[in-house]
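Here is what Swiss-Prot records for this protein:
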| type | residues | note |
| --- | --- | --- |
| DISULFID | C640-C693 | disulfide bond |
| DOMAIN | 90-181 | domain 'Fibronectin type-III 1' |
| DOMAIN | 185-227 | domain 'WR1' |
| DOMAIN | 330-417 | domain 'Fibronectin type-III 2' |
| DOMAIN | 427-523 | domain 'Fibronectin type-III 3' |
| DOMAIN | 619-710 | domain 'Ig-like C2-type' |
| DOMAIN | 817-909 | domain 'Fibronectin type-III 4' |
| CARBOHYD | N36 | N-linked glycosylation site |
| CARBOHYD | N93 | N-linked glycosylation site |
| CARBOHYD | N120 | N-linked glycosylation site |
| CARBOHYD | N165 | N-linked glycosylation site |
| CARBOHYD | N257 | N-linked glycosylation site |
| CARBOHYD | N374 | N-linked glycosylation site |
| CARBOHYD | N409 | N-linked glycosylation site |
| CARBOHYD | N442 | N-linked glycosylation site |
| CARBOHYD | N482 | N-linked glycosylation site |
| CARBOHYD | N507 | N-linked glycosylation site |
| CARBOHYD | N552 | N-linked glycosylation site |
| CARBOHYD | N753 | N-linked glycosylation site |
| TOPO_DOM | 23-918 | topological domain 'Extracellular' |
| TRANSMEM | 919-939 | transmembrane segment |
Amino acid sequence: MCNVAEDPSSFSTITIATTCRAEWPKVSPCIADGRNHTDCCLKKGVQHDCLEICSGSTKELGVHSVLCLNLDLQAIYQCIRQGYETHPSAPGNVTISELTAHSVTVQWTEPNSNAHLVENYTLFIRKNEHGEAVRTVKNVISPHVELGLDPDSEYVLTLQSHSANGTSLPSTAKLFSTLPTTRPPLCTIGEPIYMNDGRVMICDAVNPCPNGFRCTGAGSDLSYCCPHDGTHSSEEFTSCCKEQKMPESCMSSCQYNMTLPESCKENLNTWVQCASEGHDHLRCCLQEEVSKPCQTACMHPFTVPADECFSEVSKYRTCFSAAHQALPAAVRNVEVSSISKDSATISWEDLEANIIVFRVQLFEKGGNLIKTENSSADIFRFIDLEPNKDYSVRVTAINFLGEGPPSWNATFTTKPAQIYEGDRPVAPEKLRISWNSGPRVNVTWDPVSVRRNAEVVTKPIEYTIYYLDTEQSSTWTTLRTNQTWVVMRDLRKDALYYVYVTAKEDNRTSRSSSIITILAQKDSPGLPEPTIVIEPDHKDGVFSPGEKISINCSLPNIKKHLNIDLTVGSHVVQNDHGALWVILETEADEAMDTATCAVSDTDGRQHVAMKHLVLERKASVTMKKDKIRVLDDQSVEIECIYRGGGLDPKISFEKDGKKASRGFLNLKKTEAGYVAKWHIRKVKQEDAGFYKCVVTSSDGSRVEASSEVIFSTETLPVNPKLILQCCEDEGITGDCLQACNIGRTSLSIKNQNCTRFAVSLLKCASDIRDHSDCCIASGVTSKCLPLCSGDSFSPDIDCSEHAVSIMTCSVKSHEHAPSEVSNVRIKASEGKVNIEWDYPLTKDYKYFAVYYRKAHDDHEDWHKLKTIQQNIELDVDPSEDYEVGILAANALGHSRLMYSAIPKDSEPRRSASKGSSSAFWIVVILVVFGVLIAGLAVLSKRRELPYPIGKFIGRRNDPNQPTVAFENPAYGEPWGGAEVEIRGLGGSATTGTAAATQSEWQSANLEANSTTDNSHEYRNGMRYAKLET
């Protein structure tokens, strides 16, 4: 089983398939040797039950594998032998370093086997939790920094090597945990300042907050910068003046929007000390050109000569009040989203609605300002940059009151102006035999001094020589040296050997040299190296489909006849007798990736040279979505992907046949091609329509794709109880009801057993929002995706298995909503009800919806009103009870409802026009009622009362049956709430056992009084209760 070099005999195959089948979990990893041979096995028709051997798996083979072991074992061994020569092994020495709360740095070394064949690496990372998705990052380079991780979370990662012919198995999995981050309390207004790695910016006396922020959390372990609460700043100014004994006539000047009058000149220092709040405002004072003797008002000791500096008061006020004006906060999350050799796209997070422009500044590495640009969107693209150069950028938000503090700098380096992997050394050239004694052969080559991008190598080059006995071995032998020659020893006499060499600088390995064949025979020289020339000579090696090319393979002028075979894709040409060259003229097509020229003689010796060709793919452009549904004031992203057809395509978007004017373009080059995204912020009705992604290549060819943006303004449900009420009405019960509930944990994919409710779930999940992205991530098949986007759908398609996933995505879209309202206040008067409520201060777009209907009437429709104010007036019937629900909403969804009630008037109001006689009788009735109430109050003092009177006044005069008043604490929480337990209402005053007391109040039912106490039935309506909402 372990001797892969030879195919097993028929008898051995039977034994392996039966007796030895249980040993495969031990053998498979060994013979796979860190490489994945599955692709080859599939091409050779190996059955599914035996593919575990090809992938080096440790899984046991099932009973059904007996057949494929008998039929496919030889094919499996052939693929494994082939993979030894063409597949790299897994990356080695994978290590984790430089952990933060949101990032990790990964390093690795080249594979132990076939490192020269590696073209790129792929990183796989996921949270170490059940059901978490795997993030795939292609073309990573060691060391690699992976960003966007969650703090205080455990992750697992592996790496995979890729060559042109296959891949390795994943490397040994690495487990690590990101660092925790302390989330500070929420600021009164806005959010604290965060660093680029997600940590909060710490402030103290040495590191003060920028203008517009104050250092809070004093006395705790964490002090951070929060935006100034402008509603309290002047109050603090005034209180400071009072404490400093400011004269009453000057107190009106202790406001940030006031200056100090001349009559208060002698109190200038008191005004300065309170207005400055002890902060250093020197930078602002210098900008305002405050005279040097008067600058001590802007910094310690905050005292100035009043006569000399009183004229500077207006400048002081400008600086002191700047921190309390509604200036923009610092721009957050500045990122360099795409980088090329001469351009870079900068994006950031726009959190405020009143920004009029962003100032974007570009700096050189030394800090010199190069460019200053203005952007009305939260993205900007710098062009005409220098290749392979370090830059930094920062962004400042500006509104009508002024500019906020600058963001943190984001640094980046433009790409070199060379071809892919230009930092690798070039392949060694002119590999040849220096001398040959038979068992020992000296081979030499020209030294490598430059990289593929023409830069000079700066570190020592290590050469690796590979040689293989073509007849008796399948394993390459390697030798390493820092010289440009090496002696291969102990060769088998008269044997043929393949030999090639690679160069390595640090961890970057070149492509292989040409391959020569050596005959281990005394004084047997090698063959000359062929030279391949391709016309036209594209420096980047990229050719267009259908382009006419000429490939020439030639030898130096020698007198010996040699055979020359030139192979390009499916084309093979040979030289004429005695000719030292061969030419192939053809058109470039997709089958061409390498030009191979082999020179051979009659002794079996060869010298093989190769040259790689890169072919452009046929131009195509596709839209990510054919239809995009958006809501009023929502942002939309129209994405198209362009593949092939030109090195520098021009990509633009059109709307209804004209160039799109509202929005901005974000372009990014990826391994798959170009990804273009057209962003439109705060969509309006006029933005709806058909959008085209138009791509024009350098040769003038044009391709395009279309997508429709569908606009909708209705975001509120007809029924305020939303999805949950629909599910309850449809009879969905048990755990399946959790999928309908906003804020609850949805069912995991493994536990879905709700197919009996599938039709009902899909009905209630119907929504105008587009949930396609969520559904795709949840594994919903393409045939069922129309249910996620509100499109037309064929009832003949069965989507019951995806019902819970579709419902979960529908619910998630509603969770991205404003927070709920609080402190609802109701004031009723003469048939009108005024309702007010509180809502957190925010600059985000929102409005409120108020639902109301008569209580205790489930058949009456809800009435719905919308407002942008935090109050509303309703016309209601004063003789009816009403239930009211209020929610906050925006384009992303709406909050949970806050319920309340409007009680009816205790007595209908009478008209005031009935005259004085009506007033007289009202007074008489009130006097009679007063006398009656007073009499009942006197009677109630007596311990024993006749039954009718006692029942009438509701007395419970049994001292052993105490009473209690309670209200339902879950009122207004229709989806849940705490239970309430009422203890101590039952039993007598005598001492009972603990068990008896426990069982007495734990009963879940309302329990009537003892049947033996009929004479006092009115006194003891219930003994105790446990209520569950």
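From the backbone N, Cα and C atoms, a Cβ is placed for every residue, glycine too.
Taking Cβ-Cβ distances under 8 Å and a sequence gap of 6 or more within the same chain, the neighbours of C640 (disulfide bond) are V621, T622, M623, K624, I651, V675, A676, C693, A705, S707. Using a 10 Å Cβ-Cβ cutoff, N552 (N-linked glycosylation site) registers 17 neighbours.
For N507 (N-linked glycosylation site), the nearest neighbour among the listed glycosylation sites (N374, N482, N552), judged by C-alpha distance, is N482. According to its DSSP assignment, C693 (disulfide bond) is in a strand. Within the same chain, the residues at least 6 positions away from N374 (N-linked glycosylation site) whose Cβ sits under 8 Å from its Cβ are V357, F358, R359, V360, listed in sequence order. Among the glycosylation sites N36, N93, N409, N482, the residue whose Cα lies closest in space to that of N442 (N-linked glycosylation site) is N482. The domain 'Fibronectin type-III 1' (90-181) shares the most Cβ pairs under 8 Å with 427-523, out of the stretches 330-417, 427-523, 619-710, 817-909.
Taking Cβ-Cβ distances under 8 Å and a sequence separation of 6 or more, the neighbours of N36 (N-linked glycosylation site) in its chain are C54, S55, G56, G83, H87, G166, T167, S168, L169.
When Cβ atoms from all protein chains are considered, those within 10 Å of N507 (N-linked glycosylation site) total 13, not counting its own. Cα separation, N552 (N-linked glycosylation site) to N165 (N-linked glycosylation site), rounded: 26 Å.
Highest Cβ count within 10 Å among the recorded positions N120, N482, C693: C693. The two recorded residues, N93 (N-linked glycosylation site) and N482 (N-linked glycosylation site), show a Cα separation of 23 Å. Here the CA atom of N165 (N-linked glycosylation site) lies 29 Å from the CA atom of N482 (N-linked glycosylation site). Cβ neighbours within 10 Å of N442 (N-linked glycosylation site), excluding its own Cβ and spanning all shown chains: 14.
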